[in-house]
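Below is one structure, written out as structure tokens; comments come after it.
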Amino acid sequence: MDRAKFIFVTGGVLSSLGKGISSSSIATLLQHCNYQVSILKIDPYINIDPGTMSPLEHGEVFVTSDGAETDLDIGHYERFLNRNLTRLNNFTTGQIFSSVIENERKGEYLGKTIQIVPHVTDEIKRRIKSAAKGLDFLIVEVGGTVGDMEGMFYLEAIRQLKLELGNEKVINVHVTLIPYIQTTNELKTKPTQHSVQELRRLGVTPQIILARSPKPLDKELKKKIALSCDVEQDSVIVATDTKSIYACPILFLQEGILTPIARRFNLNKLHPKMAAWNTLVEKIIAPKHKVKIGFVGKYLSLKESYKSLIEALIHAGAHLDTQVNIEWLDSENFNEKTDLEGVDAILVPGGFGERGIEGKICAIQRARLEKLPFLGICLGMQLAIVEFCRNVLGLKGANSTEFNQRCEYPVVYLIEDFMDQNHQKQVRTYNSPLGGTMRLGEYECEIMPNSLLEKAYKKPNIKERHRHRYEINPKYRQEWENKGLKVVGFGANHLIEAIELEDHPFFVGVQFHPEFTSRLQSPNPIILDFIKSALHKS
């Protein structure tokens with residue numbers, strides 16, 4: 001931790017300005033200067049983690065290799081940095097409070113009155129320092145907006161850290177909005193000025209202003225912001241909208257963000273090697289080919305629920321010089337008459353609950369019968385089994401016990417005890433609490449030879465991430481396989497991890513979530529081959 005330098009990223013004016021992408025972009029530039037870099041996300045909500053939050057409330061829950069259910073921004077960090085992060089890279093107010101209360105119960109505070117300062121702020125600082133071990137730089141994104149009640153003690157902890165570590169070890173970057181008033185054709189800086197004033201009132205002074213704006217800022221506006229916010233003019237970085245989030249590091253580099261960073265940290269001039277990155281971004285922005293993927297989901301009112309999967313399709317497309325267009329198909333309304341004209345492949349993602357299930361099953365049946373390339377992920381694979389049992393084997397009562405505990409043919413069921421990734425026995429029942437009771441994190445999968453999965457991964461054993469409670473019931477396996485639906489992937493205790501259909505261009509189901517390991521620089525192999533199959537069909 002001694003060598004680590006810290007860049008804290010806060011947000012002002014309003015939420016959803018792109019602090020996560022900004023943090024990822026800064027980290028990417030520093031990483032391409034051959035530094036050891038990581039990112040930490042602080043979430044100011046009181047939930048322990050987002051695991052039990054509705055996707056429509058929070059967006060996607062991203063699962064790390066060590067089984068943590070985290071904020072979707074952790075997914076951005078992994079995809080930009082092309083490295084695995086852990087539960088150390090995300091914490092919530094709920095976790096902070098739980099730790100402090102647990103320590104108090106153990107008597108670790110020697111009978112003192114427990115207060116926000118110093119006990120809560122000390123726990124925050126401890127976690128930040130712990131995440132910085134072995135690094136040159138730790139970028140810390142603070143969720144929420146300056147002025148929110150929930151974020152006050154995080155800003156206090158940042159103030160204290162800067163005092164403890166010294167100015168040469170800490171930079172504060174404030175992401176803010178420069179709104180454009182169309183009627184007067186003006187960009188307004190007043191919201192930024194007020195946001196910085198509030199931040200400074202709380203004891204934190206920004207050294208870099210990252211100004212989100214729909215239009216470029218001229219020198220006079222930059223000078224005005226610099227003067228009113230007490231930063232140097234080259235520390236006002238304009239972040240206009242880009243055609244791809246992966247173009248943001250290039251934009252920041254062009255805007256000169258590394259100049260104030262190097263100056264503040266007493267570093268030589270920074271020269272990131274971005275040629276390979278630039279090539280991939282060019283293929284995203286101006287691809288030679290196009291495919292259309294029918295995405296059958298039920299959380300379509302907030303597409304951030306499927307963020308990693310959307311990005312995984314973009315990664316595969318970039319490596320195939322292909323624009324992947326998504327045709328959003330609401331599973332609640334999908335039926336045998338739904339128009340699939342121009343759709344090159346069908347994707348059925350993971351999910352929870354009974355709503356929209358029959359529409360997904362119908363989409364799978366059409367992909368099977370119409371020879372459309374198909375990829376089913378987690379629940380998507382489970383429903384492929386249900387569809388096959390109902391419509392090929394004639395088991396009309398086939399279902400998952402998630403939706404009907406008394407179904408006639410429970411082809412998907414709840415395993416009440418299993419070994420977790422640490423080889424510890426876990427027990428779960430239909431009455432178990434929802435939080436943290438799933439099969440979570442990275443597990444090994446043995447791939448059968450001569451399968452589409454082996455062709456994609458090019459090795460007999462892989463590791464992929466899971467997030468589910470229900471498993472495929474092996475009782476009916478022989479009946480499926482006699483009809484051409486083969487099991488091609490096995491996990492520990494012979495759990496069924498992957499299936500594929502014979503005599504079909506591409507019909508694959510996987511119990512794991514391949515999207516969680518896809519990166520711009522290294523797309524997930526099975527998603528890459530899925531897009532290849534769609535491209536061949538188109």
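From the backbone N, Cα and C atoms, a Cβ is placed for every residue, glycine too.
Annotated active site, nucleophile per Swiss-Prot: C378, in sequence order, evidence recorded as sequence analysis. In the three-state DSSP classification, C378 (active site, nucleophile) falls within coil. Packing around C378 (active site, nucleophile) is summarised by its Cβ count: 23 other Cβ atoms lie within 10 angstroms of its Cβ, all protein chains included.
Just so you know, the Cβ of H513 (active site) picks up 23 other Cβ atoms within 10 Å once every protein chain is counted. The feature active site is assigned by Swiss-Prot to H513 (among others).
Residue density at E515 (active site): 28 other Cβ atoms are found within 10 A of its Cβ, drawing on all protein chains shown. The active site annotation in Swiss-Prot covers E515 (among others) and is backed by sequence analysis.
Residues or ranges marked as CTP binding site by Swiss-Prot on the basis of sequence analysis: S15, D148, M149, E150, K188, T189, K190, P191, T192, Q193, K224. In this structure, T192 (CTP binding site) is part of a helix by DSSP.
Taken from Swiss-Prot, the feature UTP binding site covers S15, K188, T189, K190, P191, T192, Q193, K224, and the record attributes it to sequence analysis. A 10 Å cutoff on Cβ-Cβ distances gives K190 (CTP binding site) a total of 11 other Cβ atoms nearby, all chains included.
The Cβ of D73 (ATP binding site) has 24 other Cβ atoms within 10 Å, all protein chains considered. The annotation ATP binding site is assigned in Swiss-Prot to S16, L17, G18, K19, G20, I21, D73 on the grounds of sequence analysis.
Around the Cβ of E141 (Mg(2+) binding site), the same chain contributes V9, K19, G20, S23, I39, L40, K41, I42, D73, each under 8 angstroms and 6 or more positions distant in sequence. The feature Mg(2+) binding site is assigned by Swiss-Prot to D73, E141.
Under DSSP, G351 (L-glutamine binding site) is assigned to coil, being neither helix nor strand in the three-state scheme. What Swiss-Prot lists as L-glutamine binding site is G351, L379, G380, M381, Q382, E402, R469.
Residues or ranges marked as domain 'Glutamine amidotransferase type-1' in Swiss-Prot: 292-538.
Residues annotated as region 'Amidoligase domain' in Swiss-Prot: 1-267.
When the binding-site residues G20, P191, G351 are compared by the number of other C-beta atoms lying within 10 angstroms of their own C-beta, P191 comes out lowest. Taking the mean position of the Cβ atoms of S16, L17, G18, K19, G20, I21, D73 as the ATP site, the remaining residues of that chain whose Cβ falls within 8 Å of it are G11, S22, S23, E141, V175. Cα distances from R469 (L-glutamine binding site) to the recorded positions L17, I21, K190, C378 are smallest for C378. Ranking the binding-site residues L17, L379 by the number of CB atoms within 10 A of their own CB puts L379 at the top.
In sequence order, G350, F352, C378, L383, S400, V412, H468, Y470 are the residues of the same chain, not among G351, L379, G380, M381, Q382, E402, R469, whose CB sits within 8 A of the CB centroid for the L-glutamine site.
You'll find the Cα of T192 (CTP binding site) roughly 49 Å from the Cα of Q382 (L-glutamine binding site).
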